[in-house]
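*Asks:* Okay, here's the structure, questions in a sec.
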Amino acid sequence: MVMVFIASEPGWKCTNNSTCPFTETFSLGHDNYKFRCDIPREDWEFVDDFTSVVTEFDLVCDRGSLGFVSTSVIFAGFIAGSISVSTISDKFGRKLPLFVCGFFCCLFHFVSAFAPAFWVFALFRAIVGFMIGAYSIPMFVLATEFSGVQRRGIAGSIIWIGYELFIMVLAAIAYYIRDWRQLTIVTGFPGMLYVVGYYFIPESARWLLKRGRYTEAMELLSKVARLNGKKMPDGELCLPKVERLGDIRDLFSSLKMAHKTIGIWLMWFAVSFISWGISFSAPFLGGNIYVNVVISAVAAVPSYVVSAGLTVWVGRRKTLLVSFLFAAVGAIGALLLTDKAEHDKGYLAGKIFMSMFVAKFSSGVAFTIVYIYAAELFPTTLRNIAMGTSTAWARVSAFASAYAPLLLSVHRFLPFGIMAGLALGAAMLCMTLPETHNKPMIEDLSPDPEDQRNDKDENRNAKDGEDETLM
């Protein structure tokens with residue numbers, strides 16, 4: 001999210017004593033935005049609000065798309081990281097890639113502040129993206145695998161609140177630190193303390209059991225029970241040892257599995273484009289970029305709280321349907337207000353509200369639920385691969401959404417029109433997938449994983465008792 005500030009483009013104006021005939025400031029989407037490309041470089045200048053990679057490396061006119069490249073390469077790296085490390089995480093655990101990749105993510109973010117040229121900066125950002133993709137999936141999987149059936153939705157929702165709180169802090173920091181190199185250093189250095197968490201966060205007990213490491217799993221579960229003032233249940237808690245880990249081919253091992261895989265991929269694509277497209281559009285909506293970003297984060301925080309409640313009381317499919325429909329309403333509302341927002345502050349406020357609050361809030365709910373839903377639809381032996389490939393599709397979408405502001409130069413209705421169409425399509429798609437609310441997780445590959453889920457559901461009350469005993 002820091003790229004919204006360090007890769008943003010301030011407006012431009014004509015310099016004094018130049019042949020340029022204008023006195024106002026022009027930003028992306030304005031009819032005269034491209035006029036500067038037809039006059040000498042010395043006849044115009046950036047408005048001195050802040051510096052960014054765009055202003056430092058002069059990424060304008062023929063080089064104008066490179067500013068968006070610096071953001072999109074992060075998502076290209078994310079795709080590679082989420083696919084490659086997801087298999088490693090299934091084989092070697094959730095904890096190791098979580099902390100190793102998290103540390104290197106912060107390190108390369110910090111180092112990118114010293115890039116002497118644009119392509120060096122872009123390379124460092126691609127590495128940052130790879131590391132984000134590599135650690136974000138194990139982080140989420142670890143949180144959900146430690147949760148009981150009834151608390152799984154809550155755990156999968158609240159872990160994202162910290163991210164939005166950071167965005168609020170980031171907007172405040174960026175408001176006072178207008179130099180992009182200084183901002184990168186300030187936001188990167190504290191993150192390297194992330195590695196300290198390695199000594200406090202345990203490995204997934206579910207993964208240990210599936211790998212046959214029963215002693216370690218029992219020691220860990222005993223510690224969890226002791227810290228929560230509970231007693232371990234009588235008997236042994238174990239799962240059959242996995243003889244073969246699944247691979248990407250198993251995502252299409254049956255028609256039902258292929259349907260779930262493709263459905264989840266498409267929903268991830270839609271919600272990612274909407275969520276990131278709104279965030280990347282913040283500097284170009286009008287008004288104050290810092291306020292727009294804060295509004296976006298403020299809208300997202302309650303979306304995670306609401307998601308936590310809805311996962312318990314309503315379920316996954318209905319929540320996804322309603323949230324996608326409201327995201328479509330927000331995008332359509334912002335689209336309809338676009339023309340009048342240029343000349344009327346009331347319409348501008350309405351456009352910002354519809355996009356940064358209604359659409360962002362709804363897409364935040366959908367993003368949270370689809371994360372939980374994807375983790376629950378697939379068996380433990382495939383979960384990391386399924387999540388990794390799903391987020392890869394989400395980052396393909398995010399890669400494309402980084403260019404959403406450029407669509408303003410084609411037609412000002414395009415960005416929000418695409419978001420509305422994707423939201424409506426995803427709303428219809430989600431109703432074709434099975435509900436997982438209050439259902440136990442599937443553990444391994446069977447001829448029909450849903451049959452396995454139904455068999456386990458018959459004993460769910462007993463299992464819930466075990467979950468409550470430990471957690």
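Numbering starts at 1 and runs along the chain as it is shown here.
Yeah, the Cβs are placed from backbone N, Cα and C, and that goes for glycine too.
In case it helps, TrEMBL gives these features for our protein:
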| type | residues | note |
| --- | --- | --- |
| DOMAIN | 1-438 | domain 'Major facilitator superfamily (MFS) profile' |
| TRANSMEM | 66-86 | transmembrane segment |
| TRANSMEM | 98-121 | transmembrane segment |
| TRANSMEM | 127-146 | transmembrane segment |
| TRANSMEM | 158-177 | transmembrane segment |
| TRANSMEM | 183-201 | transmembrane segment |
| TRANSMEM | 262-283 | transmembrane segment |
| TRANSMEM | 289-313 | transmembrane segment |
| TRANSMEM | 320-337 | transmembrane segment |
| TRANSMEM | 352-373 | transmembrane segment |
| TRANSMEM | 413-433 | transmembrane segment |
| REGION | 440-471 | region 'Disordered' |
| COMPBIAS | 450-464 | compositional bias 'Basic and acidic residues' |
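Burial and contacts for the listed features, if you can.
*Replies:* Sequence-distant contacts of the transmembrane segment (98-121) (same chain, six or more residues past either end, CB-CB distance under 8 Å): 2, 53, 57, 59, 66, 70, 81, 85, 127-128, 131-132, 134-135, 138-139, 142, 181-182, 184-185, 187-189, 191-192, 194-195, 197-198, 201.
Counting residues 6+ beyond its ends, the transmembrane segment (262-283) has Cβ neighbours under 8 Å at 1, 4, 8-9, 71, 289, 292-293, 296, 320, 324, 327, 331, 355-356, 359-360, 363-364, 366-367, 370, 373-374, 377, 386, 389-391, 393-398, 400-402, 404-405, 415, 418-419, 422-423, 425-426, 429-430, 432-433 in the same chain.
Outside the transmembrane segment (413-433), and at least 6 residues removed from its termini, the chain residues within Cβ reach (under 8 Å) are 259-260, 263-264, 266-267, 269-271, 273-274, 277-278, 281, 317, 320-321, 324-325, 327-328, 331-332, 334-335, 338, 355, 359, 362-363, 366, 373, 377, 404-405, 407.
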*Asks:* Which listed stretch (127-146, 158-177, 183-201) has the most C-beta pairs under 8 A with the transmembrane segment (66-86)?
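*Replies:* Stretch with the highest Cβ contact count: 127-146.
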*Asks:* Take the transmembrane segment (183-201) and find every residue of the same chain, 6 or more past its ends, with a Cβ under 8 Å from one of its Cβ atoms.
*Replies:* 2, 5-6, 95, 98-99, 102-103, 105-107, 109-110, 112-113, 142, 170, 173-174, 177
